[in-house]
Amino acid sequence: NDRGLIVTCNEGNKANLSIVAIDEGGTPRLDYIPSIYFPIDAEILSIQGDYTLHQVYIYDRLTKSIYRDSNFSIGLSRENQWTTLHRGLSKDYVKLAVDWISHNIYWTDPQYKWIVVQSLLGNDTSMYRVLIHDNLDGPHALALDPFQALLFWSDIGNFAKIEVSSLSGSERKNLISSNLLHPYSIAADCASQQLYFIDFGQQSLETVSYEGKDRKVVLKKTFNYFFDVAVFKDYLYVTDLFYDKLHFFNKTDGKELQKSLSKNGVTYFGVTVFHPDAPTAPVKAHCVSYGCEHICVTKVGSATCLCKDGYILNQDMKTCSLSSEFFHRGLVFSNKSSICIVDIRAMTHFSYDPKCVLKINNTKYMALDTDDRYIFLANNTAIYSARVDDFHLHRMTELSGTISGLAWDGYDRILYWTENSTGRVWRLSSESETAQVFMEGLENPRDILILPHERLLYWISDRNGSTIESSSMDRSNHQVVLNSADLVNPRSLNYDPQTKRIYFLSNSSVGRNYIRSCHLNGSGLVTFVSTNKHLENLEIYKGHLLVTAKDDLGTLIMSYSIDLWRLTTSGIFENAGNITAIKVFDENFRQNETGPCFALNGDCEQICISQGKSRICECTFGFRLSTNGKTCTSDPIKDNFMLVIDYTHNYIYQINLTDQKVQGISVQGNFPRNGLTYSPVSGQVIWGTDDSEISMMYLNGTGKKLVPLPTMDNDNITPIRFAVDYSTGNIYYTGFSGDYFFKFESFIGIISPDGKHRILITGLDHPHGLVIYPSKGLLFYTNNGYNSHLGQANMDGSLSAVLINVEHTWPTDLTVDYKSDYLYWTTYWGDGVEYCKLDGTNYNTLTTFQDTLLNGIAVFEDYLFISTDGHSNNIIQLKMSNPNETVAFASYGELGTIGFIAIYSSEVQNRTTFCSVNNGGCSTFCFPIPSGGICGCEDGVDLKEGSKTVCSN
């Protein structure tokens, strides 16, 4: 039935499409997998198909292009004929999506930070439109549902999110904006109206409804690199770059429905389902008769027309006319005799031909006013302006000296320039066109840079070597930012508002030249790129440095990613001559303009979402927005709750053990890396860090304090696990001094509520789990290492002994059931749970888990709760009387990797001990022991002579 999966692969240096036939239920046939080899070297990262047109579309990262095969069939064995559909995409993780009803292809472009739609009807490759370009940081994943006329995409920036809009880009809204890291791929299940997405940062495969509700983890797998996902019937088809496999998962529970596909030396990238069952329901193709001249997109019950880039809709809302503003985005550059323009996509693909639009000799500097669409030019004698739409040249002013830099202040609408021969900075208002001296007495100023929103200007001064200097726009605070000792022939200053750094070029006389960068105050100077090319000009656009350099064949243009610190593309325009200046013109982009969320996170405590020129504040999972619309709060649970550490998102969460509702606790730094607990005596959450201290905070996130731990032989102490004696408030913990790999001492210690400290047990290998039984005066711990065992001692540290030797399983975390007097612990080597009575008898294995790392364990009523790493469910709830009876607990997709867990219930630990009343009469520590109680002092202090309760001063 011509139904199958198409998987893009790299086998050695060859790219191919592997064809996997599937039946009507989605079950793959793996006994015969033909391949179609791509005719050139390629890295095909994304693939989609249009079954009704019998076409397949691929994105190749190496050529930065989308290709089309116009006569594709799963069962047809032939050499496929590929034609170029679109060229000039970025060399990044571009994703494709196809509307097979109105026959349009969509794609994301992380470098250009936009989403594009192009018609698949006909062969006119100019029939595309930049659909969404504002408030995008890094669009990646992409999917659509043509029945509901919805477009879904992920945006990976300061706050990763998944958004949704109509297929025309309107009605845009956030779907998920909390607890995402790197959502790289999305698949839309049109039948169930569910999204399935891969979050690489959380190593998870998740699902959520089209409305953004009921987010759940389908599969969480440690050490994976899930790359792409497709959905059909009950199957999720997932490529995995870590294991070089194609997985076949059940979309409900994440279980493998069939053994994964792998082949030695083959890496699987993109995957799509090509099948005659789409569309799966009768649907009217409104675009067939709607009459759009350029691009027709589906909307529910109808259609809407779009025009290709450079055109606008006429009043009939169907036909298109050329916009009077014909130039929307591109490179503008000068050579010795002309001003030329070229398509913006030439930044990544040099096959686009420049068009020279204005004759002017010896242009040395350029500046742009994108608001009013003007370009400013300076040669040896004068400064000119020209409107980008007609390039009619207008002389603005004569020069009194030798111009050495030109910059536009879009905030005050003033043009500035430097003259190195006169030592002056001049300015000219665009309205009056009267030039005025702004600053003078400078030494050979050049390469002026204006930061309009910061109200700063920078320039290079050549005196006794070169310096970079700055001043406020009111001419105050003139200072040297970088002195000559740090600089070698700097030139071409520029500024990136996203990183808040200045970038400049530096050409040395010994053959190595550099792109360098520093903070606004000159600190943090780094060398970004080293090259043997002589560097000429620098421009910044959407997180990329555009650099020109001299080359034997002309001017070499290179594009570098600021985030990745690497060259993304380079090339030479034929017949462009030697480029003397270059700028990027984009009517929808302001280089030095930042969004409403850029400064101070938009005054939002947690998440700031840009909406045009305004913003809204949102809260992450477990919090709600306060009435002020800026800060976030939660509603602490007072009893019967679980505390969990979310390592992925750096939050502590409370989970109600009754209804599984979640409340967040913002730790405000000092995030817990090991264990945590709750003290009902102080009402505080207690946790440890790697900084030789213990943190305490109330459940509502207030009252945070740090309790420093003493050093041991000048080495810091790292606490691992905690237990609180409810009868005294004393905090017991396992820990070590030194670092994890070179531990110098491992021990069990205690801290009093007022911060006094005492070491109870020493000489351990690696103590980990810890529980106490105050009513019996006992403590229990796990010890890993050469002598792995479950240990027992009195709560004052006396009579420490091995309870059970468990060297073959390596015990980790530990809990106690106070009702049955049983101990339960997780094992590292056994991937399971073991148990025994308090006296060490009846030792046995309760259950095991396959390929699952168990992080934490706790008990409540008749159940064990186990936090996992590498399991579909972060937390497993297991009935102790029937360990095969397991269910997922709090299976929220918003939860990341859960480390240690702790449970508090007022009914669990008996608070009545020898120490319950007046701290047992002890001045410092009161230790419950089997025979009653005993007093003790902090380290270095003894009981007073003749006293059993009072410590010496």
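Cβ coordinates come from backbone N, Cα and C, glycine included.
These come from TrEMBL:
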| type | residues | note |
| --- | --- | --- |
| DOMAIN | 286-321 | domain 'EGF-like' |
| DOMAIN | 596-633 | domain 'EGF-like' |
| DOMAIN | 914-952 | domain 'EGF-like' |
| REPEAT | 103-148 | repeat 'LDL-receptor class B' |
| REPEAT | 149-192 | repeat 'LDL-receptor class B' |
| REPEAT | 455-499 | repeat 'LDL-receptor class B' |
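A Cβ distance under 8 Å defines the sequence-distant neighbours of the domain 'EGF-like' (596-633), meaning residues of its chain 6+ beyond its ends; these are 134-135, 158-159, 161, 174, 177-179, 497-498, 649, 651, 653-654, 662-666, 700, 892, 894-895.
Taken through DSSP, the domain 'EGF-like' (914-952) splits into 4 helix, 12 strand, 23 coil. DSSP labels the residues of the domain 'EGF-like' (596-633) in these numbers: 5 helix, 14 strand, 19 coil. Per-residue pLDDT, averaged across the domain 'EGF-like' (596-633), gives 87.
Residue counts for the domain 'EGF-like' (286-321) under DSSP (helix as H, G, I; strand as E, B; rest coil) come to 3 helix, 15 strand, 18 coil.
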